[in-house]
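As recorded in TrEMBL, the features of this protein are as follows:
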BINDING   26, 28, 53, 74, 101, 120  S-adenosyl-L-methionine binding site
DOMAIN    33-214  domain 'Ribosomal RNA adenine methylase transferase N-terminal'
């Protein structure tokens with residue numbers, strides 16, 4: 001049993017709490033993974049970090065050593081109280097703990113405008129949280145997210161394995177120094193074994209990096225309606241899902257399928273509607 005496992009066990013016993021399966025509470029205990037998250041976030045003493053789901057504060061405490069301020073938003077009322085108490089005991093003063101559901105906080109009430117987002121996301125809120133922070137006007141400088149391994153692979157997919165989730169994220173996000181339409185996008189920083197958590201989840205996870213970018217001035221609703229129509233029957237050729245489009249005119253094989261198209265390709269189709 002590692003020192004961090006002992007620490008988590010001690011805190012759970014001290015406060016008589018049991019991790020909630022419903023809320024997906026699995027606490028990170030692997031120090032090497034903590035270091036990878038911090039390294040991927042490229043933190044400086046001037047940074048403000050918005051941490052979603054801090055739990056018992058294992059990552060939170062490490063973040064406080066690197067940045068100017070951490071704003072930790074915890075849905076579980078009891079965990080939020082425990083975290084606040086433990087931070088007081090450790091005399092850590094550059095953390096603001098907010099007990100709230102991140103998905104219920106209106107964008108205009110987000111407690112910060114210039115920030116980096118770090119989160120260990122349960123499966124059931126992964127897509128809503130990513131969508132919230134990519135579509136808000138107050139988008140983070142970057143996002144470092146712990147998600148299920150399968151979800152990470154779907155988000156970071158490339159042709160010929162594209163999917164709706166990948167398109168939805170990659171439309172709004174790119175890796176550093178990339179122009180829109182480059183085909184670049186979110187990336188997997190590291191895979192994380194399930195025994196890096198306590199209690200162990202049923203599946204492995206992955207750390208992903210998402211860097212929001214400027215999006216084109218197009219009708220996004222119309223664009224995503226087009227993409228959804230293209231993916232409506234995955235086994236069909238695109239010409240059958242999107243009749244009336246001259247694919248050869250825009251340099252695409254009419255027999256191609258939706259999973260073979262990049263963001264660039266979808267923009268070409270959109271521009272020729």
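Here the Cβ of each residue, glycine as well, is placed from N, Cα and C on the backbone.
Nobody curates TrEMBL annotations by hand; they come from automatic prediction.
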Margin query: At a 10 Å cut-off from the C-beta of residue 120 (S-adenosyl-L-methionine binding site), count the other C-beta atoms across all protein chains.
Written below: 25
Next item on the list: Report the largest Cα to Cα distance, in Å and rounded to a whole number, among the residues 26, 28, 53, 74, 101, 120 that the record lists as binding S-adenosyl-L-methionine.
Entry: 20
Next item on the list: Just name the winner among 74, 101 (the binding-site residues) by count of other CB atoms within 10 A of its CB.
Entry: 74
Notebook entry, point to check: Looking only at DSSP and grouping its letters into three states, which state does residue 101 (S-adenosyl-L-methionine binding site) belong to?
Noted result: coil
Notebook entry, point to check: List, in sequence order, the same-chain residues at least six positions removed whose CB sits under 8 Å from that of residue 26 (S-adenosyl-L-methionine binding site)?
Noted result: 19, 120, 197, 198, 199, 200, 201
Next item on the list: According to DSSP, folded down to helix, strand and coil, what is residue 28 (S-adenosyl-L-methionine binding site)?
Entry: strand
